[in-house]
Structures are given as C-alpha cells and as structure tokens.
Amino acid sequence: MSKISRRAYADMYGPTVGDKVRLADTALWIQVEKDFTIYGEEVKFGGGKVIRDGMGQSQATSDKTPDTVITNALILDHWGIVKADVAIKNGRISAIGKAGNPDIQPGVTIIVGPCTEVIAGEGQILTAGAIDSHIHFICPQQIDEALMSGTTTMIGGGTGPATGTNATTCTPGKWHIGKMLQAGESFAMNLGFLGKGNASLPGGLNEQLEAGALGLKLHEDWGTTPASIDNCLTVAENYDVQVAIHTDTLNESGFVEDTLAAFKGRTIHTYHTEGAGGGHAPDIIKACGSSNVLPSSTNPTRPYTVNTVDEHLDMLMVCHHLDPNIPEDVAFADSRIRKETIAAEDILHDLGAFSMIASDSQAMGRVGEVICRTWQTAHKMKVQRGLLPEDEGTGADNFRAKRYIAKYTINPALAHGVAHEVGSIEVGKLADIILWKPAFFGVKPSLIIKGGAIAAAPMGDPNASIPTPQPVHYRKMFGAYGQACKQTSVSFVSQAAIDASISDYFQLERRLVAVKNCRSVTKADMVHNAYQPHMEVDPETYEVRADGQLLTCEPAEELPMAQRYFLF
C-alpha cells in the first residue's frame, strides 16, 4: 500500500484525525476529531485532479446531486471538529459526509455530477455564519461591514441615525418596521427587528409584533420600570417572541433584585450583562446566575485590556446623549464603567456563565469585530487560566473552541427562536457558511456563502488576468445582487406577523420566517454555556464572586488577531 507523510497529506487534502490547527495567531489549537472522507478516495478539483468526468464526477443528474460541494473542509461547530465534504442544495446544507462518484468509489454519501459546482475547502476551516443579536441599525453600511467579517444574521432595532436609534435597539411602530423590512431586502443578510417594548399596557406592543417585529426590546432610555418589564414579558408570552433588556443603570425604579423579580421566572435576553453597556450599577452581572436569564456581552469589553476603561467613558458620553459639562451626566458615565466587573466578565465567559457575545453596533460596539473579539477572549483566558478541565490531557483546546463559537452561533439562534434556520452547520439549515484560512481565522474570511450563494469574498483587481493581483479587498459577489440577494436571505418576524399577511401589506419579496420556541428556551439550553453560579457583588469594592470564588484577572497589554492583521 502506498503511503504519504502527514505533512504532505495535510498540504494536499487538509488536516485529518489527530492533526492540530492553530487558530490565527492565538494560543488556541483545535484537533481533528473525525474524518468523513476516505483515505485514497478523497475528491479534489483541478487540472489532473479527481473531480473529472468518469472519475470523481458521476453522470448523475441534478435530482441526485448537490448544487455545490465544499471539499475536504475542517468544520468547527458547537457539536464537533470534523473533516468532511459539505453539500449545498437549494440554498441549504443537504449533506455532511463523503463526496464523489459512487459508480467507482466506495462510501460516497454526496454524489458529484455535471450540475455540481465545487469550492475547495482543503486546508480551510468551515464555520456557520455569525449571528449578531445586538444591532443598532444606525446606518446600512453596517450590514456590509458585518457580512465581510463573517456575520450572516443581524438582530436588533433602529431606523437609521435617529437619536433614539443611536442609543436604543428599537424599531418603533408599524410604519418604521415596514420601512426597515423593505430596506432589508437589498442586503445579503438575514435580518430581524425588535420593536420598542417600553410600555405599561399591551396595545402598542401587540401592534408592533403583528407588524413584523421578531421580538421586543426594553431599554432604560425609554424607561425600563418593573411595570414595563412585566407588561412586555406578558405580551411576549402571548406571541412566542423574545424580549431583550437593557436595565436601569441609575436604579431609579428599582434595584437588580426588583428587575429580576419583575421577570417572574420568564425567559429574557439580558444585553451587556456585565453593565458597562448599561444596566443596574454595580451589580447587573448577578443576572447571569438566573435560570431564566440568557446573558450576553457586547464586544467593547471583550476582552479586558489596558485600554478598555478609558475608551468606554468617551463612548458612553456620545452614545447616550450625555453632556460632559453636566456633573450628573459624568457621574452616570462613571458608575457604568468598572474594571472589576469587566475583569470578572472574562472569567464568566470562560466558565460558560455568559452565553453569548454581540456587537452593540455603533452604539458602544463594533459590528465587524464580534468574531475576533470572541476569540481574543478565549485566547486571553487560556493564557491566564490554562486549559479548561474538559481539555486537560487532550493536547488541544477543542472544548474551549466549541464553547466560544457557540456564543455567536447556536446560542443567539436559540435565544431568538431562529435555530431551526441558522446557527450551526447542520443538514437542513440555510447554507450560511464562512470559510477561513487558519492563519486568518476569526479575522479575515476567505469566502462568505449566504444561502448557498457566494455573497462576498476578498477579490483582486477585476481587470487582472487572474483573481489574485492587488489591490485585494472584500467585494460583494453575485449572491449579494438582484433577486439572488432576496432569495438567499430571510427576514425573521413573529408568527402573528405572517398570519397578518405583512408580506402583502408591505409588498415584500423575500421569504419571511417566523421565530419559535422563544418562551421555552432557558439558560440550560445555552450550548456549552449553561453555568448558573450564585453571584455576589460587593457594592463598595465591586469585587465579583461566583459560587464564592473571587473573579479577577489582569488586563491584557497585547492581543492576537489585532494589529498584525489590520493597517487601520
């Protein structure tokens, strides 16, 4: 039997079982757990390669073959780290397994035919597109920025650079919701809009959900009182939608205990649960210990560095319409930025007590940095805390990698009722797929696939004789244009909105998908991130303890996935 060295094999077909891959320039390594391909029967496209007529390509017609196959990719998802061929059919993931020609090859589960396109995944990491569940829709250019970073679903609220949107993630009222749904059809991005949830009576909230909101947002700038919390959650229970909350920093209408009591055990997504982005000072972080609370972070505090505190004070003054000449406004800002709780947030992510990471786009957050800041946090925690218990003795960081990737894929999908469509690499889901060269993992995708069509990619000079000459930068591809754009992305709304035929009312062309199971999801469902510690915060020193353990760490002075990759 002929043999090939591991190095030569990896260079040709990508890593296989037992091989380790470094994630960008971090201290994180993942190890291949399983290989669905068959040694000696791998398929690869190119001159003199396997996928040719009568060889790796069969005569099967399109009813038996996928539209696209991604060959020999290393899948990194919450459920595993495996090598496989991935098939896409009608915009969805149709199979994960072994591609080829069953007429001459054994073990084929994905038949390649003359109607099949090929994307080379050899040596690349394949992940699900990120879900950013904390978006201020301040400008449409955010969507392109997010897409080019690897985000394929954006959930939040807003109407553009209105003063309300600059501070809060709410799209208030039927007219605004309709306009945002109409505008959204121009983008290769799944979108969902949160209505304004701040009201003590249900009428206005019912209207917004029936008009196309996928959920509701409670924000302190609109008055997040116990009465509005209770009413909003009551409405959400009736419509099976999620509620996101930014709690009362000033403790004007109650303390964190009053807010938790107002939840009455009902599920809620707490934004920036550490508190720098807003929330009961100094102890909103306690909320992560509740079984009905789905806690997330926003990315400016990820991870804790020597620059974090200084940067936040300036951001806060702008985003919340504060005046540095008014002492009360300055005191408000100072109360929200606490190095002790930000440091604890790092550790709570590593323990799996904080379940999600999002951006808070242009409103104390960077829309294109959800992914890289998640992995920077994972790196910092490995350097400072060592291997997780689940990774001890394995020589790799597989469990930590699964924990962190879940924070921006499957967990926000579960939290907002969209996991039946997006959030993981699983058969039947939308083919929202990101490919990464390992050296650029989490920083610069090599290909962004949206609903089965290539929507964006780094591309060279269009007038060059080959695709690679400079200037190479991210450009929209065919999947981001025309009807293809509308047919490869979806808008998430409530079931009540679909029942009300808003597609006809607003003359929408792209598919509307109802969110579901929003009210039954709990912290226990947060994949690899379900820890519910007993939380304590010292009101004077701001020291944070989880199950009696003091949570503290030093700020990072240097991070990976940073200036090495970016000129600006």
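Cβ from N, Cα, C; glycine included.
Keep in mind that this is a model prediction, so the values were computed, not measured.
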Record-annotated Ni(2+) 2 site (Swiss-Prot): member among His272, His280 besides Lys217, His246: His272
Residue from Asp346, Asp350, Asp360 that Swiss-Prot also lists as binding Ni(2+) 1 with His134, His136, Lys217: Asp360
Greatest C-beta neighbour count within 10 angstroms, which of the binding-site residues Lys217, His219: Lys217
Nonlocal neighbours by CB distance (under 8 Å) for Asp360 (Ni(2+) 1 binding site), same chain, sequence gap 6 or more: His134, His136, Tyr271, His272, Gly277, Thr298, Asn299, Pro300
Least Cβ-crowded entry, counting other Cβ within 10 Å, from the recorded positions listed as His134, His136, His246, His272, His320: His320
Alpha-carbon spacing, Lys217 (Ni(2+) 1 binding site) to His246 (Ni(2+) 2 binding site), which is rounded to whole Å: 8
Euclidean distance between Cα atoms of His320 (active site, proton donor) and His219 (substrate binding site), Å: 12
